[in-house]
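Enquirer: My questions all concern the structure below.
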Amino acid sequence: MTSSSPTAPCRRFVIGLFLIAVVQVTYHPAQCSTLMKYMATEYNLSQIYSIIERSQIANSTIHLRSVTVFAPHNEAFMKTTKQDTDDDYLPCYHITNVPMKLEQLGKSVFSELDGNPPMWITKKSPEEIYINQAKVVYHLANYEHNNTIGKPQVLHVIDQVLQPLRLKKNSPQMIYNPNAWEFMENAEFLDLNGYHTNIFLQRVQSLEKKHVFSNQGGHTFFIPVDEVANHPKVRPEKIDVKVIDAHIIPDNVLFLGPTNEGEQFETLAFTDMLKVVAFFSKAEEGDKTKYFVSSDTLNSDGTHPTGAVVAEIVKANIPIKNGVVHLISRPLMVVDNNVKEFVESYKDREYGILHRFYEEIMNTDKDFLDQLSSLTNVTLFAPSNNAFNEQSIQSYLTNRTYIKSLLNLHVVNGRLSIEDIVSGSTDKRFQVATLVPRKDLFFNVVTSGKNRTLTLEGGGVNATVVQANLAATNGIIHIIDHVLGIPSSTVDRKLATDPTLNDTNYLGQVSSLNDQLSDVQKRFTYFVPRDSAWKRLSIDNPSVYKKLFMPEYSYLARQILERHLIVADKAYTMDDLRKEANNNYNLSVKLPTVRDVSMYVKIKDLPEEGYSIEWRNEWIHVHRADVRCTNGIIHVIDQVFIDDNDIEVNAAIATKSVTVMLLILAQCLVFFYFN
């Protein structure tokens with residue numbers, strides 16, 4: 001074996017440096033190129049390179065000046081409809097004449113397009129930055145190089161093609177970089193997909209509100225168009241000074257891409273007496289994603305009612321000198337239809353969110369809508385299209401008599417906003433009567449940061465409000481994601497999704513009792529203690545409560561839950577049990593629970609209080625009766641069926657078992673040691 005030469009380490013070091021250099025050149029070939037060469041050789045930037053190369057102005061600018069290029073990748077162009085005027089507008093609108101890395105970007109930069117219209121910057125985080133609607137591809141940003149005459153230049157790759165405001169083809173009027181007022185004033189010369197804004201413009205002029213659209217800075221403007229097919233019309237005189245203010249979000253330039261769905265922003269109509277906010281939402285309608293803006297009047301001034309008004313955004317993200325414009329289908333804040341007319345407005349909107357609801361009403365009970373219009377204050381919980389498309393309820397929808405009986409379950413005689421529900425839920429779970437006798441709705445509000453989620457239960461079905469506080473002249477509409485009264489969940493899924501049954505669900509999971517509750521071949525009747533019942537146990541007997549929730553005692557929890565569960569050939573409503581008690585001269589009803597061979601309870605039904613059951617000489621209120629599931633019925637109760645002996649006897653057995661095991665172990669050790 002020969003020893004290595006003393007020069008070998010040096011040779012290896014030199015070779016290592018050479019390989020590192022090769023790798024760097026291999027993975028960064030454009031570091032020696034100008035921006036134009038980089039775009040020409042980078043396969044995914046060929047489209048923006050081609051457009052800039054064809055533009056004499058843009059090409060000269062890049063060769064002669066310092067610039068920043070916001071370069072859409074080729075996939076961005078594939079998602080954009082090509083227009084005849086692209087070569088006139090796109091090259092210079094993706095260039096600004098100052099070299100700026102991401103960390104140097106402010107609120108806006110001026111483009112090289114005629115009039116130097118701005119590109120607006122939104123920074124959600126150091127790595128999530130938007131140019132207008134387009135998101136910067138962070139790992140492909142901050143490419144720096146000097147051009148051939150030494151001018152510094154920067155390139156950032158973006159995921160969408162920036163779309164500037166364009167003139168109509170052959171327009172006789174030239175408009176350069178207009179503000180919101182100039183935009184409306186010259187709308188007839190602009191390429192707005194055929195939309196007109198004359199009605200709103202006339203109201204702004206007559207009410208002398210020009211100045212709020214001319215304010216310098218960066219703002220968001222919602223401008224209603226004159227008419228959109230299948231959308232309700234609004235009387236122009238309804239557009240007053242405060243309504244106009246509600247169409248402006250000051251000091252925030254909100255493009256759809258970077259703006260969080262549902263995040264509320266104060267409008268110019270947010271004052272001491274009147275508080276109006278606005279927020280974005282979206283929905284899938286057919287094969288399209290549609291975007292909407294809602295104004296929500298939180299506090300009324302006596303003239304403008306509380307509630308939300310939704311408008312579809314028909315042309316979005318139009319950059320202007322002092323912010324961004326979104327063209328919308330109708331004025332915000334204007335409440336001009338009653339509840340019946342609101343539902344009817346979806347008649348011809350095949351993919352509108354309430355189209356299926358309207359159709360089900362027409363096929364089942366046409367008088368239902370007239371009933372809604374006759375009520376002076378009404379709240380309608382209207383199921384969405386997706387609610388009716390749910391596969392598990394299709395067999396029920398063919399039963400028109402059954403559906404007719406459920407319609408009134410979605411109606412409350414009284415105006416009920418989400419704020420009313422929140423205030424009513426402060427100390428207890430909020431509960432209100434529907435138009436179906438003895439069928440109440442139960443509400444729960446979950447708050448996470450600025451977001452509030454409203455859930456409700458009616459007829460045993462949990463639903464979430466997907467659009468809240470939609471205002472009508474005679475009430476309010478909340479759109480929900482399930483049809484109330486038609487069960488769509490098995491017993492185990494119901495436990496998992498009901499926010500007031502968390503403790504019973506947890507004990508059922510750790511003890512494996514819940515595993516059998518998904519069996520659709522069986523019929524379960526389950527008396528389920530709600531969370532407050534377990535809380536009461538924690539106060540009355542904290543040691544028992546603590547032991548039940550310890551994983552090592554899950555077998556005890558299972559035994560107690562089995563006392564609440566009946567498995568039979570049918571599920572029992574509270575009325576079934578009451579009738580059985582009547583047949584037994586109002587004495588006890590024998591229930592064959594899983595835990596006990598038989599359990600005896602008495603049933604009491606009071607008009608004001610509802611059902612109660614007597615167990616071991618104590619009356620327990622049934623908080624919610626007849627919560628229907630696809631494989632059974634749940635009755636939510638206010639107390640746990642538990643006896644002190646349940647814990648003491650089992651604990652004694654466990655102690656005895658441990659003692660026996662220790663004795664056996666000791667004997668084994670003695671035998672081993674002495675033998």
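Yeah, the Cβs are placed from backbone N, Cα and C, and that goes for glycine too.
It should be emphasised that the depicted structure is a prediction, and the values quoted were computed from it without experimental measurement.
If you look up TrEMBL, you'll see 1-32 marked as signal peptide. Feature annotation from TrEMBL assigns domain 'FAS1' to 32-162, 184-332, 338-484, 488-641. If you look up TrEMBL, you'll see 653-674 marked as transmembrane segment.
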Enquirer: In the domain 'FAS1' (338-484), how many residues does DSSP assign to helix, to strand and to coil?
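Expert: DSSP classes over the domain 'FAS1' (338-484) add up to 54 helix, 47 strand, 46 coil.
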Enquirer: With helix taken as DSSP H, G or I, strand as E or B and everything else coil, how many residues of the domain 'FAS1' (32-162) land in each class?
Expert: 48 helix, 37 strand, 46 coil
Enquirer: When DSSP states are grouped into helix, strand and coil, how many residues of the domain 'FAS1' (184-332) land in each?
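Expert: So the domain 'FAS1' (184-332) is made up of 27 helix, 54 strand, 68 coil.
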Enquirer: Compute the average pLDDT of the predicted model within the domain 'FAS1' (184-332).
Expert: 93
